[in-house]
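Participant: Quick one: the structure is below, questions incoming.
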Amino acid sequence: MLMTGSVGDGSEFDWEDQKTFISRDGGLTWRFVHNSSGLYATGDLGNIIVYIPYDPEEDGDFQSEFYYSLDQGRTWNEYELTNAISSVHPYKLINPTPDGSGSKFIFKGTFATTDSETNSITSLKGVEYIIDFSAAFDSRTCEEEDFEDWDLADGKCVNGAKYKYRRRKQDAQCLVKKAFKDLSLDETPCNSCGESDYECSFEFVRDANGLCIPDYNLIAFSNICDKSKDKSVLVEPLQLIKGDECKTPMKIEPVDIPCDEIPEEGSSDREIVTTENKFDFEIKFYQYFDTVADESLVMLNSIGDAYISHDGGQTIKRFDTNGEKIVEVVFNPYFNSSAYLFGSKGNIFSTHDRGHSFMIAKLPEARQLGMPLDFSAKAQDTFIYYGGKNCESILSPECHAVAYLTKDGGETFTEMLDNAIHCEFAGTLFEYPSNEEMVMCQVKKKSSETRSLVSSIDFFQGDNKIIFENIIGYLSTGGYIIVAVPHEDNELRAYVTIDGTEFAEAKFPYGQDVSKQEAFTILGSEKGSIFLHLATNLESGHDFGNLLKSNSNGTSFVTLEHAVNRNTFGYVDFEKVQGLEGIIITNIVSNREKVGENKEDEQLKTKITFNDGSDWNFLKPPKKDSEGKKFPCDSVSLDKCSLHLHGYTERKDIRDTYSSGSALGMMFGVGNVGDKLLPYEECSTFLTTDGGETWTEVKKGPHQWEYGDHGGVLVLVPENAETDSISYSTDFGKTWKDYKFCGDKVLVKDIITVPRDSALRFLLFGEAKNMGSGSFRTYTIDFRNIFERQCEFDITGKKRADFKYSPLGSRTGCLFGHQTEFLRKTDEKCFIGNIPLSEFSRNVKNCSCTRQDFECDYNFYKASDGTCKLVKGLSSANGADICKKEPDLIEYYDSSGYRKIPLSTCKGGLKLDAHLAPHPCPGKEKAFREKYSINTGAYALVFVTILLVIFFAAWFVYDRGIRRNGGFSRFEEIRLGDDGLIENNRTDRVVNIIVRLGLCISLITKSAFQRTKAGVARFSSKLRARFGNRKGPTYSSLLQGQFSDESDGLHEDANDLSSFTSQDSNFEIEQEDAYRPEQEHTSQIDQPATSNIPDALPARSAIHKPDSTAVRNEDE
């Protein structure tokens, strides 16, 4: 067999990496043939093999060649086509003998003719060769002694028999020269049957130890109990593989299956199948491979035994390590089929096919330190391992960490950097890296108390650049690397880079609650912003701080919310809803002043934002609980009565998030309705299906939850309580059913499914108290059979309407500058499967910008009236800083107080971030003046030209229409329609029309003036007659600054929204249909109104419109 392929797990394919291999034992073993791909053909029953590379220049010369072997692929010879045209590209290679027994081959290819002067291709031509091997070995024909017997599978039994085949010896110097005949295999049945000759009977499946155990779902299908009148039946768990030829069967003990444990016909839950597996030791670690190929996962128990399952835990096999215990399991975050198991004896077991196969390699001779691996985001086999060198003991003076690099998946390691404790392949993380080979490492020498940050572009073979001499630590997120650097007075500073070379200090906003930057937590990044929590109170057990958000390059932060809860370990009650833009849930400390003074314990309240942190609201509570009763609090104010949820800081497993990336809009949470968050055990379980807009209490008491089939199956199990049942819903939480999954009550510690939440199988980890051996158990609950069919996916809507596009909740308007609809299932009787619904959302339309598309800029805060005002005593960001970052700029702008939310795609409409007047960058004053200076010479020329045209036209009309007709002295004598004017041609007539028109306008103006003057005189006379007894005139003064406002300046507090409206659009804030979530503090600007100006601001009309009464008094 000759094949083209590559060595790997099959997850990647690249034609440039394809090589050619050969096997002469039916594919059992393979040998390398050539470092390229090409055409191949065989002759003389496989004794002649011809191979031609697709690229004739792969060997470095232009001469075309082919390769051949006469010893069944052991050795190869090159034959150059010396008389041929160079660079012939093959497209066909065949043995013209139909059965492949001939010794001649036909090779067809193409070559290009080029122009000798321009070296360009002028035409393509075909060429054909006949390759003849009939004279090989001096035309000697093989005899009987040139043949041998070949045993299939190295003589092992295959399907109960051994097989032999007669073929030419590999080193025989002859050709067979016989026509092909059907294979005549010498078959010898094996005497005794072995385990390899058997498979599980239909009613059984294999468990973790490879034993066949009853599957009651299959038993129900087989109807074996219906054929028996007894309460139980005996069934052999093994059956001989069909077609197996072994003679003596194994003795198989039948299994007694109780028929009363089989679900009866008509049971509502008969299609739900539960598979139980028992363990003597607790399962401490478990994780799925994040793929759609199957439901593979790795589990590790408390004594270091590893288990593999490929069907969601139904069948579990113990991983054979030859007695070596597994101390750690690490998954590759960039390549979802790869994982690494570290053995206690220094071996590393790696898989790149989700645990179907493993490769074993030896770790470097170093002590395992338990530090996580660091992987390359672009090379699957490249990662960094950290080991301890000179470590007889961790406390040894010479013991230190060493970073080891592997580029072949762990088969070989090279020592990369001493004292490195954390490295990252920075060049693979940035969108636009300065060098793709860049590696950054944090170095901690044992003799020093400080840590430094270094980088290299050759894995520290020669290049070693120190970036920071002293750091606290660093991490990467979403295309950024953030470094925490100590500062004077026990403060911290954060530096950010987006290319690995240029670092800029992150500017945090200052306020009354931020006195020092002592601790911060990076919460992640998404679409051009970093979310960060800056601690403002570090009292143990009473920690909280401000939630910040950066601009696109991560250097300028603004405050989104104050007093956001954190714990002593730096974890924060902050969670972005998966799959939906801009929805974040946080818990705030509502009594932060008294907590800061140690007078009260923390009182937490839950808030949500629908526009990426610009506006926050309390959660709307449901009207009734799961029993149909009203909640104790019914205040209209959400500040006094809202829903509160326990957050990230209290989770046992950080993977248990509120939401799911595939069940769009759905979130579970444990909480309560009231004025503050109650203790966990006093709370209930709530569900939302519209992204947090509305909530429903689904179960009393705390529950664990899991999503399946993109939210088509929802499962709840009681938390911290023994149970034998789960609750599930197949209609998105509208109704719930209970299902009993085991006979004895167990304490369920966790419920999981595949990371994409698309499977119909759920895996529960439980512990049965007082059960002795086998008290630790897993239960795989399979919902695959409860649906009638799989949903038909057709986004065109021409077929069955199992899906439709719809908005999320009531938000039918614009959000982040666009209106989005999501694809959702309409028929509850079908299941979705692996269809990636989250990838099929669509933007219905783009929208004009409104106030909701902007957030406050650096050192600005959002006031109660919805405007952004400058923090008292602070200044806006120095716009000139951008000149340092971009040396080619010649100008910069001051901040308007607003900046556009990075998620927003709006166009036109409100322009709150519009630039003010430009300023020259330092040192670019001359270029600035040249750009904006007026060209006086050009303007003077235009002005003079216009004056000359006007003067010439006036002189022409005067000369031809006035002077020639008697001059100005006759002007008053001319009447309209007078024929006394001279008109000798068309020009005279046009000039006279202009003269008459001027006369008409002059007379009308004069008459209007005289009438107005007479009317004013009469009115004045009447006033004097009526008020003549007054002592004298009175006046009313209007002071210049009477109605001015200190906040009227745009640069200082940016509070006049109307001045930003686009000149070419009539869009207004109140006229937008965009969704506006209810505000905690309602402001005029966020409500429908008839005015463009917030109530808190002075009306512009009152400033610029004169008071009619005042004017009238002044005219007296």
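In case you wondered, yes, glycine gets a Cβ from its N, Cα and C as well.
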Participant: According to Swiss-Prot, which listed range is region 'Disordered': 685-732, 1021-1068, 1069-1116?
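Facilitator: Feature region 'Disordered' in Swiss-Prot: residues 1069-1116.
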Participant: By DSSP assignment, list the helix, strand and coil residue numbers for the repeat 'BNR 3' (307-318), in that order.
Facilitator: 0 helix, 6 strand, 6 coil
Participant: Taking DSSP states H, G and I as helix and E and B as strand, how many residues of the repeat 'BNR 7' (727-738) are helix, strand and coil?
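Facilitator: Residue counts in helix, strand and coil order: 0 helix, 5 strand, 7 coil.
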Participant: Grab the same-chain neighbours of the repeat 'BNR 6' (686-697) for me: Cβ-Cβ under 8 Å, and only residues 6 or more beyond its ends, written as numbers and ranges.
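Facilitator: The answer is 577, 580, 583, 585, 608, 610, 619-622, 624-626, 643, 645, 664-671, 711, 714, 732-733, 808-811, 1077.
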